[in-house]
Amino acid sequence: MNNGASATSPHNSFQTHFLDIHEVLPEDEEEEGVIKMEDNKLTSSKKGLQKPVKLRELKRPQRSFNRQVSLETGFSVLGVESKAKDEKKVLWRSGRSFGGFDSANRVGAEARKGDFNIFRTKSTLSKQNSLLPTRKEKEMETQRAEGATGLNEPVNKSVPVGRYFDALRGPELDQVKDSEDILLPKDEIWPFLLRFPINCFGICLGLSSQAVLWRALSTSPATKFLHVTPFINLSLWLLALATLISVSVTYLLKCIHYFEAVKREYFHPVRVNFFFAPWVVCMFLAIGLPPMLEPAKLHPAIWCAFMGPYFFLELKIYGQWLSGGKRRLCKVANPSSHLSVVGNFVGAILASKVGWIEAAKFLWSIGFAHYIVVFVTLYQRLPTSEALPKELHPVYSMFIAAPSAASIAWGSIYSEFDGCSRTCFFIALFLYISLVVRINFFTGFRFSVAWWSYTFPMTTASVATIKYAEQVPSVLSKGLALCLSFMSSTMVSVLFVSTLLHAFFWNTLFPNDLAIAITKKRLVKEKKPFKKAYDIKRWTKQALTKNNSGDKEFNGENKVV
């Protein structure tokens, strides 16, 4: 009896494993498995007392057990891959496909809002201890972000300029491509400061240039027959000054609280040019100062205060153009690049008003040299100029700004609208006409705050026309000056009304600024090699054949025993 017990106990454990193997088989094969197990049980009970079970008999069913598990795993993988294949390949730009910024996976109150602290200024963020994640949350964030290499790096480091062209589209590079995702949730309303772009200084550009225009209309002998009151110039100047103060204070708060977002705007190939706008606006306000407020002569300190920051910033930008690096001109050139050029001509006008003629000539030469380079680069449509759209857009009005300002600056320096001034004026006039005859192409675009910056080139062209009418008085020149001035003022009025409607009635003036939330690198899930259906079927048949042959061999050995 002892020998029988010792002989049957291995069989009992062995039979238990054998039953587990066949539980994973389909239901139609389960009955056959039960019959085979009963036959094997009878055979082993008869001959189990005669001969002990060998070790190889125990190892063989373990191999079939492992094989069965691998088969089940193979079928499950096939189902997962087939489902993944049917899914859409386009990302939803919700900011939730990244583990590190998945607001849906957060716990507590964090689950209902996005993690906007990634763009906060470091010093500000360190003071908010209540918003800092705990150690366990940090570990969870690290585990979630393992699949997204370099996800947290682009927040604190500069985004390569080529990444903006790869991830964004549109002439202003403000729309995220469908194949890209962002760091912040798109379906939530971001904080106001994060939605307040540097492009808002375009509003100040439009209003301050209008102040200069109406000063010229009220003081120029060519438009004396209009009897324009100087109070229009005064009201526009005060409105432009108030707008500049409010926009500057708001953006200064953004620099204090969300400096990382400001850095991203600075590295943006289009928005970097709007960092010149505040200083151009200040110079426009100094030039368009109402006669009732204007002193006998402007102090040179005013020119130094406004032109100094502009000059140092253009040293940085022009150095990048000249160095031939990743931000070379042929790579980042776009119509908004004229903002970094036109300020030299506006500074030359202000320098001539304060009495620094040589400084005015210096700035004019710098501006004209770089204008030619930018104009030729954009006119050639180099393959690397990816920001230049194929269709027309209001951004093309920037082509008019530089030659118009150059003609006014030359006339202000030499106190005469001579041949050089007229040459620049005729270039601007030709570009203006070439855009006006294609006005039907400018329809169908989404309203944006950046449109304001495209009004000041029209205003600058109107002022240049008034200066030309002073030098060449005729019905044609005066009519042209009146027509261009009317078009410019009408455009500013339409934009002013549209801005008020979008800001206070429709609440759509400041949508989520998706352009600053792109990742430093395109994060794409690694594609696993997908086995086709017939390959998996063939692999399954081979595994089943080996399994059946192993069972037959095992049953034969049991019979022999």
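Cβ atoms are placed via backbone N, Cα and C, with glycine included.
Pulled from TrEMBL:
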- 134-144: compositional bias 'Basic and acidic residues' (COMPBIAS)
- 133-152: region 'Disordered' (REGION)
- 192-214: transmembrane segment (TRANSMEM)
- 234-253: transmembrane segment (TRANSMEM)
- 274-292: transmembrane segment (TRANSMEM)
- 298-318: transmembrane segment (TRANSMEM)
- 362-382: transmembrane segment (TRANSMEM)
- 394-413: transmembrane segment (TRANSMEM)
- 425-445: transmembrane segment (TRANSMEM)
- 451-469: transmembrane segment (TRANSMEM)
- 481-505: transmembrane segment (TRANSMEM)
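Note: the stretches the transmembrane segment (192-214) and the transmembrane segment (274-292) are in contact (3+ CB pairs below 8 A, sequence gap of 6 or more). Residues 193, 196, 198, 200-201, 203-204, 207-208, 210-211, 214, 278, 281-282, 284-285, 288-290, 292-293 of the same chain sit 6 or more residues outside the transmembrane segment (234-253) yet have a Cβ under 8 Å from a Cβ within it. Long-range Cβ contacts of the transmembrane segment (481-505) within its own chain (Cβ-Cβ under 8 Å, at least 6 residues beyond either end) map to 203, 206-207, 210, 213, 217, 222-223, 226, 432, 447, 449, 451-452, 455, 458-459, 461-462, 465-466, 468-469.
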